[in-house]
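Visitor: Got these off TrEMBL a minute ago, pasting:
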| type | residues | note |
| --- | --- | --- |
| DOMAIN | 1-121 | domain 'EamA' |
| TRANSMEM | 6-37 | transmembrane segment |
| TRANSMEM | 49-72 | transmembrane segment |
| TRANSMEM | 78-99 | transmembrane segment |
| TRANSMEM | 106-123 | transmembrane segment |
| TRANSMEM | 129-149 | transmembrane segment |
| DOMAIN | 131-265 | domain 'EamA' |
| TRANSMEM | 161-180 | transmembrane segment |
| TRANSMEM | 192-211 | transmembrane segment |
| TRANSMEM | 223-242 | transmembrane segment |
| TRANSMEM | 248-264 | transmembrane segment |
| REGION | 274-313 | region 'Disordered' |
| COMPBIAS | 290-304 | compositional bias 'Polar residues' |
Amino acid sequence: MWSSAFIAGIIGVGTAPPMLVLFGRFAIAGVLLILVAVATKAVWPRGRVLGHTVIAGLLMQMVQFGAFYTAMGEHVSAAVISLVQGLSPVVIALFAGMLGETVSRIQWLGFGIGGVGVGLAVVDQSSFSLSGLLLCVVGLAGLSLGTIYQKRFTPAIDPRTGTAIHVAVSAPFAGAIALLGNDFHITDIGRFAGSLAWMVLINSMAAFLLLNTMLRYWDTTRVGRFFFAIPAVTTAMAWLVIGEPAHPLTIAGLAVGLLGLVLASRRPSAQRDSTRAALSYNHFRDPSGDNGSSRTSPTSSETGRSMRKAPVP
C-alpha cells in the first residue's frame, strides 16, 4: 500500500500541479475518514492531546507529502523518493532513547547497513536536481519527526480519529499553497481521477490507518524498520507500472537494504525475555481484570504462590 503511493503520486503530478493533487487527496480523504470515525463511534481527542495530534498530522502528512509531491514535480523518480524515505528507520532509531526504547548493537548494525543500501541506490540515479533531493530530505524529516512526535505525545490515540485529524488539518495548507501557485490546469482528467481515487482510498485511508494502529501497539523502531522494504517494492512497481528503469546499483542497494531490514528486525534478548514473562503473567491473570488475582484461589498469598510456581513457556 505504501509503495503504491509513489506510483499514484507520479501519475497524478504528471497531470496536474503537485499541490492541487495533494489538496484533492487530503480534502476527499479527510471527509471520508471523519465519516468513518463518526459512524464507528470512535473516541475523539480533546485539549492538549488534540493539539499534539494536529502537529503530528501536519508533519506526517503536509510536510512529508508536500515535499515529496513537489519533488515529483521536479522529475525525481519514485525509486529515489522511496529510497530517501527508506532512511526513516535510521532517523527514528536516533531518537529512540527519548521514547524509552532500546536499540541493540545488532539492530544498529542493521540500520547502518540499511542506510548504506539506500545510499548505493541513490548514487546510481542521475535524473534529479539538488533541489529535488533536498525536498526528499524535507519529506524524510516530516515522516520521521511526525512518527516520533506521535509516539511521544499521543501514543494511545484511536487510529480512526487520529488519521482523520492528520489528513483533515493538512488539506487547508495544501489548498492555500495551490491557490498561491494559481495553476489549476489538469491535462488528463481520467488519469488524474484514477490516481486521486487510489491515493484517497488506499494511501490516505488504508495505509495510514494501518500505520497509526501499528504506532499504537508497537515501538517506533519496530514500525520504522519496515520502511527499509519500501524502496524495493516501489522500484519494482515503478518499473512495471510506469516504466522507470532499475539500474544495477539500485538493485544492489535494495539487496543491501533488505539485509539491513533483517538485522534491524531482530529483537534484543532482554526484550524477548520480558515478552515471555508478560505472557506467563497474563496466563494466570483473572480475565475479568481483578488486579491479577486468581479465580480459583481465595487469597492473594495463594495467588502469589501459584504465580511463583508457574512455569515460563
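Including glycine, each Cβ sits where the backbone N, Cα and C put it.
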Visitor: DSSP helix, strand and coil counts for the domain 'EamA' (1-121)?
Guide: 97 helix, 0 strand, 24 coil
Visitor: Near the transmembrane segment (49-72), which same-chain residues lie under 8 Å Cβ to Cβ, leaving out any that are not at least 6 residues past its ends?
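Guide: Apart from its flanks, the transmembrane segment (49-72) reaches 6, 9-10, 13, 18-19, 21-22, 25-26, 78, 81, 85, 128, 132-133, 135-136, 138-143, 145-147, 149-150, 153-154, 157, 162, 165-167, 169-170, 173-174, 177, 208.
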Visitor: For a three-state summary based on DSSP, what are the helix, strand and coil counts in the domain 'EamA' (131-265)?
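Guide: The breakdown for the domain 'EamA' (131-265) reads 115 helix, 0 strand, 20 coil.
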Visitor: What average pLDDT does the predicted model assign to the domain 'EamA' (131-265)?
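Guide: On average, pLDDT over the domain 'EamA' (131-265) sits at 85.
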